[in-house]
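Peer 1: Got a structure for you, questions after.
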Amino acid sequence: MTQTAQPDTVLIVDFGSQVTQLIARRVREAGVYCEIVPFQSADAGFKRLQPKAVILSGSPASTVDEGSPRAPQIIFDSGVPVFGICYGQQTMCMQLGGKVESGHHREFGRAFLDVNKDCALFEGLWSSGSRHQVWMSHGDRVTALPDGFEVVATSSNAPYAFIADEKRKYYGVQFHPEVVHTPDGAKLIGNFIHNIAGIKGDWSMSAYRAKAVQAIRDQVGDKRVICALSGGVDSSVAALLIHEAVGDQLTCILVDHGLMRKDEAANVVAMFSEHYNLHLLHVDASERFIGELEGVSDPETKRKIIGRLFIETFEEEAKKLGGADFLGQGTLYPDVIESVSFTGGPSVTIKSHHNVGGLPERMNMQLVEPLRELFKDEVRALGKELGLPDSFIGRHPFPGPGLAIRCPGGITREKLEILREADAIYLDEIRKAGLYDAIWQAFAVLLPVQTVGVMGDGRTYEFVCALRAVTSVDGMTADFYHYDMEFLGRAATRIINEVRGINRVVYDVTSKPPGTIEWE
């Protein structure tokens, strides 16, 4: 689905910063639609979107190097407000006649900003004479301002830390307002959008829903769509949105690989078939998957087998249905943003959904991706708008390869059943304790290790179960969840008493980094 020109849009020009997506998050949180466009195609992006405001991102590049990225001149000729962040501030200054030099003292981490002049961007937030914490990450710095600019705030190593040309509505900051380490950063971005650019902030999920439904109808017409439904939030929301648009022209296929959580496949089928009247084909392919996986211990080999078998199974079932012209996917915005190489051309790394990668080309289908403009939290909000229950929307992430990567070593049907039961008990205890929503992800792992135990009067030699729970904002970094010992004791006792095949339970206290959230 292609975003057409809309009056209240913010264009974010990406110069390759690792935190550009955070800028987009802050703009969306302010109720305003935005798009990230790499600097190489920013000229075309500006003409396509006709934005009400532009934000220039940071970059690992240096403005003083020959051939470093620049913003297209059309931005400065257009008269729209511009907000330059870090590198964005520096290139704006250079392009408008100022100077930038490599800093004598690099500034990374927390810094303090001294406000020495009132500014329209500070309204209701900062005032002259106040001091505020910000987050710096720069080596270069502005040393001479273009005509029309003035300094409104400084830091110890950045005499031009916050600059403004109030007449042209150009603002530049040396720090990063988009990160949480700048406490007032989101409000500054909000002030720029609402007060300076005059954008109302009325972009909502209900408005997006109506626009997306119409776009799907325009794209699909009277043709057929098939959608791979995994039971996850992304594919489920995409399927419901497509179904709302084209009704019975959509058929969903749930490939049950035998690696799902306890009763998960049955619950997904019941919810979508009974409550949403969605045409859903449930394919039990567990014998096929587990048969090929049995005895395979290398995690990457497991993933490849699962991916290959999924494509083969999905393709076979789709052909039985007579094929379709369109394939529905739950692709999200972070998956389609182009990564930027500031030393050459754009490096486009569009990820394929782990389950359906390669399918559109193999089956000669066009993609329908109604979520490709949304972040994960926005997809959850849209799911709520579509009527999905909170218990479903708020589910913890679950990997595509399923329990196969939570069973290190060789896989057998027996080990999967042991793990499935232990995992269900663990999650049940978490819900009973009221902890589910406080945890990003929690699951059990069945280790390829057996230990001696004593149950009753008998000796046992059974598997070890590891419990994992982490807190996180985005899954990129994570900390282990700090349970009290009473909870862990209760969960361990239930698992050992109720699951035949486990006689020892341990808790994983590894953070990410150095570990990963999943064990494989």
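A Cβ is built for glycine as well, from the same backbone N, Cα and C atoms used for every other residue.
Swiss-Prot feature annotations, pasted as is:
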- 9-202: domain 'Glutamine amidotransferase type-1' (DOMAIN)
- CYS86: active site, nucleophile (ACT_SITE)
- HIS176: active site (ACT_SITE)
- GLU178: active site (ACT_SITE)
- 203-395: domain 'GMPS ATP-PPase' (DOMAIN)
- SER230, GLY231, GLY232, VAL233, ASP234, SER235, SER236: ATP binding site (BINDING)
Peer 1: Just to be sure I understand: of CYS86, HIS176, GLU178, which active-site residues have a C-alpha no more than 10 angstroms from the C-alpha of SER236 (ATP binding site)?
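Peer 2: Candidates kept after distance check: none.
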Peer 1: So how many other Cβ atoms are close to SER235 (ATP binding site), meaning within 10 Å of its Cβ?
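Peer 2: Summing over all protein chains shown, SER235 (ATP binding site) has 24 other Cβ atoms within 10 Å.
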Peer 1: Going by Cα-Cα distance, pick out whichever of the binding-site residues GLY231, GLY232, ASP234 is nearest to HIS176 (active site).
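Peer 2: If we rank GLY231, GLY232, ASP234 by Cα distance to HIS176 (active site), first place goes to ASP234.
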Peer 1: Counting other CB atoms within 10 A of each CB, which of the recorded positions CYS86, VAL233 comes out lowest?
Peer 2: VAL233
Peer 1: Residues near the ATP site, SER230, GLY231, GLY232, VAL233, ASP234, SER235, SER236 excluded, by Cβ within 8 Å of the Cβ center?
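Peer 2: Neighbours within 8 Å of the Cβ centroid, excluding SER230, GLY231, GLY232, VAL233, ASP234, SER235, SER236: LEU229, VAL237, ALA238, GLY330.
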Peer 1: In the predicted model, what is the mean pLDDT computed over the domain 'GMPS ATP-PPase' (203-395)?
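Peer 2: Mean pLDDT for the domain 'GMPS ATP-PPase' (203-395): 84.
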Peer 1: Within 10 Å of the Cβ of SER230 (ATP binding site), how many other Cβ atoms are there?
Peer 2: 25
Peer 1: Rounded to the nearest angstrom, how far is the Cα of SER235 (ATP binding site) from the Cα of GLU178 (active site)?
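Peer 2: About 29 Å separates the two Cα atoms.
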Peer 1: In which DSSP state, out of helix, strand and coil, do we find VAL233 (ATP binding site)?
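Peer 2: Where VAL233 (ATP binding site) sits, the three-state DSSP reduction gives helix.
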